[in-house]
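Per TrEMBL, the features are:
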- Cys272: active site, nucleophile (ACT_SITE)
- 8-13, Asp33, Arg38, 86-90, 127-128, Glu161, 272-275, Arg342: NAD(+) binding site (BINDING)
- 328-452: domain 'UDP-glucose/GDP-mannose dehydrogenase C-terminal' (DOMAIN)
Amino acid sequence: MVKICCIGAGYVGGPTMAVIALKCPSIEVAVVDISVSRINAWNSDELPIYEPGLDEVVKQCRGKNLFFSTNVEKHVSEADIIFVSVNTPTKTRGLGAGKAADLTYWESAARMIADVSKSDKIVVEKSTVPVKTAEAIEKILSHNSKGIKYQILSNPEFLAEGTAIEDLFKPDRVLIGGRDTPGGQKAIHALRDVYAHWVPQDRIICTNLWSAELSKLAANAFLAQRISSVNAMSALCEATGANVTQVSHAVGRDTRIGPKFLNASVGFGGSCFQKDILNLVYICECNGLTEVANYWKQVIKVNDYQKSRFVNRVVSSMFNTVSGKKIAILGFAFKKDTGDTRETPAIDVCKGLLGDKANLSIYDPQVTMDQIQKDLSMNKFDWDHPIHLQPMSPTTVKQVSVAWDAYEAAKDAHGLCILTEWDEFRALDYQKIFNSLQKPAFVFDGRNIVDVKKLREIGFIVYSIGKPLDSWLKDIPAMA
Ligand code: NAD
Ligand code: UDX
């Protein structure tokens, strides 16, 4: 029986390995982590992450050929193939701080593999890493090898949260990069055989190591760039009376462009886009490619602009002050169908409003009060370091309360900000909400999910990203 071990039981390691176990009953899969609470949760009825379809997959395999354990060394030493799916956050200090990837967790995993291995291993980079990381890992392993042979493969993950199981069942492609040597090619075949249990051969792309590593950063940069492009257009739409939804539709009908990923929003969030683009920028700078670095930097700048533009709209619409006013925040996760708040635009928007002394009442169907408090009291880039996977920090932000539902959040508020596109927010009784709001009653839709016409008929003053402005808002001077 082939044995797989995955180091890192997070958003990628957990679902990816659960699907491998489901699709390959002949393979034994162990997922290991240094976080005891995470592993306990994976072994319980309350999985540590919310992901549609994940519970069913885990229930079918757990205890049969899928195991979650903190006994990292035992499972690593027994495995034939080791996936490394640890976090690769942005460095917070030292050389490259604020841009470069922090490979501390990756390096410590590699050193541990070298320490405990007693047989040849295929080591698979599942984490998103800077191009050429495989070379560094090879060096660590070969200098500590005790005669053991290691093959390093790059097999980046392209799943998106909220649709992870669907994406893993039917990936657009699986990418495997390896050395162009007999040993490298043999390792590529071994990993290809795993995926071939359910992924058609023509969707498995094999490349050299550096192409695979770089393709992951490139794919995320291209995706994020589409969102910044449409968000940049949304600002121009507001200035000119065009409607960004109509523009996106018209642009996306060009088959060369395509319709996906053209929804204007309050900004992209999530643990990947910003981190990976900053990493790409740093790699470009290190290679002397200043113009290329500046090109990609702009994607982040427009995203930051979009978030601050939204905050400015809220404050300027409400007579230029939200001090002491209750504002309801609907949605805190970075997108619907996940409880993940990493780099969610809601953090920047809430911090912006708190900076203007607003009182916030926040509701999200999947995010806890503890998580919201932690996110709003944490420094930029600190979120992806394991210490923050541990229980709450003692600081709480007093101007923030968390509501049980959207109606409670909205009661007596001056305005409503929609920051995540949860389906339930489309179906709310907005007349009921209007009745309980202070007047004039404002809705700021950061996800373009409300029926603007209907809400205006009810009596709301509505701002919806990139849509023709309410006459109320038109009279307010344009923002920087
Ligand atoms: P995560 O923080 O959810 O999980 C990482 C886990 O690794 C944590 O539970 C941590 O405790 C564990 N860990 C760290 N060092 C360890 C060690 N030495 N030994 C054992 N466990 C250790 O992160 P994630 O979202 O799963 O992302 C993991 C990697 O995958 C990152 O490089 C990320 O960029 C990439 N990625 C993420 C996504 C996504 O949607 N989240 C998608 C594609 C790729
Ligand atoms: C992303 C990539 O899609 C995935 O391939 C990669 O493996 C990890 O990073 P993820 O961050 O989980 O996945 O979600 P994604 O669906 O890409 O959304 C990212 C952010 O962009 C969210 O905040 C989302 O709301 C926003 N978004 C997405 C938009 O604002 N507009 C869009 O049209 C699409």
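Note that Cβ sites are derived from N, Cα and C of the backbone, with glycine treated the same way.
Predicted, not measured: the structure shown is a model, and the values here were computed from it.
Closeness to ligand 2 is met by Glu161, these being the binding-site residues among Gly8, Asp33, Asn87, Glu161 whose Cβ falls under 6 Å from the molecule. Of the recorded residues, Cys272 (active site, nucleophile) and Asp33 (NAD(+) binding site) place their C-alpha atoms 20 Å from one another.
Checking the binding-site residues Gly8, Asp33, Asn87, Thr90, Gln274 against ligand 1 with a 6 Å cutoff on the Cβ atom leaves Gly8, Asp33, Asn87, in sequence order.
For Gly8 (NAD(+) binding site), the same-chain residues 6+ apart in sequence whose C-beta sits under 8 angstroms from its C-beta are Val31, Asp33, Phe83, Val84, Ser85, Val86, Asn87, Ala109, Lys126, Ser127. The Cβ of Thr90 (NAD(+) binding site) lies under 8 Å from the Cβ of Gly98, Lys99, Ala100, Ala101, Asp102, Gln274, Lys275, Leu278, Asn279, Phe381, Asp384, each of which sits 6+ residues away along the same chain.
In the three-state DSSP classification, Gln274 (NAD(+) binding site) falls within a helix. For Glu161 (NAD(+) binding site), applying a Cβ distance below 8 Å and a minimum sequence separation of six or more within one chain yields Tyr11, Glu51, Gly270, Phe334, Lys335, Asp337, Thr338, Asp340. Residue environment of Gln274 (NAD(+) binding site) contains 23 other Cβ atoms, counted within 10 Å of its Cβ in all protein chains. Mapped onto DSSP helix, strand and coil, the domain 'UDP-glucose/GDP-mannose dehydrogenase C-terminal' (328-452) counts 44 helix, 19 strand, 62 coil. All protein chains considered, the CB of Asn87 (NAD(+) binding site) has 23 other CB atoms within 10 Å.
For Tyr11 (NAD(+) binding site), other Cβ atoms within 10 Å of its Cβ number 23.
Around the Cβ of Asp33 (NAD(+) binding site), 25 further Cβ atoms fall within 10 Å across all displayed protein chains. Just so you know, the Cβ of the residue listed as 'active site, nucleophile' picks up 24 other Cβ atoms within 10 Å once every protein chain is counted. Mapped onto three states, the DSSP output places Glu161 (NAD(+) binding site) in coil. According to DSSP, Gly8 (NAD(+) binding site) sits in a coil region rather than a helix or strand. In the three-state DSSP reading, Thr90 (NAD(+) binding site) counts as strand.
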